[in-house]
Structures are given as C-alpha cells and as structure tokens.
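Taken verbatim from TrEMBL:
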type	residues	note
DISULFID	78-142	disulfide bond
DISULFID	91-152	disulfide bond
DISULFID	122-132	disulfide bond
DOMAIN	52-153	domain 'SRCR'
DOMAIN	178-240	domain 'SRCR'
SIGNAL	1-25	signal peptide
C-alpha cells in the first residue's frame, strides 16, 4: 500500500509539473521587450496618454508645428509621406473637429529635440497618431528643416479637454509653464506677445525671474518653450 500511495503522489506531482508551466505560458502577459519589437511599417505601441501640441511662429491658435510628448521629451514629426489623413488624426487629438491642411519644410519654424516620428501613414480614422504606421519612435533620417505642421478647422470638439497641458506630478523646482508679460501698452494689444517680462507659474500665481546670471542661452530656452524658433537681443535698460 505504501508503494502504491507513493506512485500516486509521484504521478500527481508529474502532472502538476507539466500543467503549471503550460498554465503560466497561457496567462503571463507579453514582456515589454516583445512589445517594443514592433516591426517597421506597422502601427506603433500606443504611449500612455500621448500629448500633442502646436508650436512655432507666426501662427494662429489652430495651426502650427506638430510636437509630441514622448518618454518625457517634446519632439516633432518629419514631413516625409505626410498627408491630410495624418493631419485629421492630429487635429482631433488637439480637440479640433478636423484638419483643413498641413504644412511641410518647417513652415512654422524648426523645432528642437527629437524627431519622434517619420514616414507616418494614417488611414484617418485612428484615435491617436501613435496608432498609425511609421518607422518607429525615434527612428528618422530627417532634420528639423522637415518638421511637419497642421492647420485645423477652427471648431472645437464639444467637451474636449485641452491636451496642451501636461498632467504630471512635478517637484516644486521644475518649471512647467512660462509666459511673457508686456509692460508697454501697444504690446498688450498685439498677439502673440514677443517681448516682455519673463514670468513662471508658481503655486497659484505667477512670479518674475531675477536677471542675475541671466544669459542669451536662458532666453533661447524660454523662447523655445513659448513656441518661437529663436531669440533676439533686447534693451535691458528699458526694463530697469
């Protein structure tokens, strides 16, 4: 009897050993490495809450250079193979009902940072540009001279929440929003404001930046955050 019970336990153990790996194989989700190996020319894995914004100058609020926030960095889209279908997808992501056109060759000025997408091919019905076919995130042979832009129909999707603001937890020392406050009367009437006192969003209000140690490089960064392609010298004495 003892030998028989021992054989039954052994059989159960062997069956369990064969079943468990099979069960794990069926239920374990695919690894990130497998998800990342999306073949070229196929729809890309959709980044979580992909952010899209319009930049550049001069432009209206419903047009501009397309910029995508991916892996913690803003970047652009190359104009190779760009189409009105791509523009329609992007405009809807921005909260507009559709696109009326698109631009090439950095019409709204050259962007900065990564060129996130190249050879983008949308059908037009995708909910996100990240679901369209492309060469893959960060895979491009373009320069910022080829940054694509869109012109959206000036009609908002009802109830759409503006995606140009990044919903993220940041530490108190990191600047997320910046603006120029014009100090001359004619400048307040002209939009967009291109010259003025630099202010940053701090808690529930706005605060000025001290000019101690300020350089032209700082100005270049602020201009880029505001969507302008470059900076120019300003008369500092006028603001003292």
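Cβ coordinates come from backbone N, Cα and C, glycine included.
Taking 122, 132, 142 as the disulfide-bonded residues under consideration, the smallest Cα distance to residue 152 (disulfide bond) is found for 122. Here the Cα atom of residue 122 (disulfide bond) is found 19 Å from that of residue 142 (disulfide bond). Neighbour count (other Cβ atoms within 10 Å of the Cβ, all protein chains): 24 for residue 78 (disulfide bond). Between the CA atoms of residue 91 (disulfide bond) and residue 132 (disulfide bond) there is a gap of 14 Å, rounded to the nearest whole number.
In sequence order, 78, 79, 80, 115, 118 constitute the residues six or more apart from residue 142 (disulfide bond) in its chain with CB-CB distances below 8 Å.
Across the domain 'SRCR' (52-153), the model assigns an average pLDDT of 94.
Candidate disulfide-bonded residues: 91, 132. Fewest other C-beta atoms within 10 angstroms, 132. Summary for the disulfide-bonded residues 122, 152: the Cβ-based neighbour count within 10 Å is maximal at 152. Helix, strand and coil residue tallies for the domain 'SRCR' (52-153), in that order: 16 helix, 35 strand, 51 coil [DSSP].
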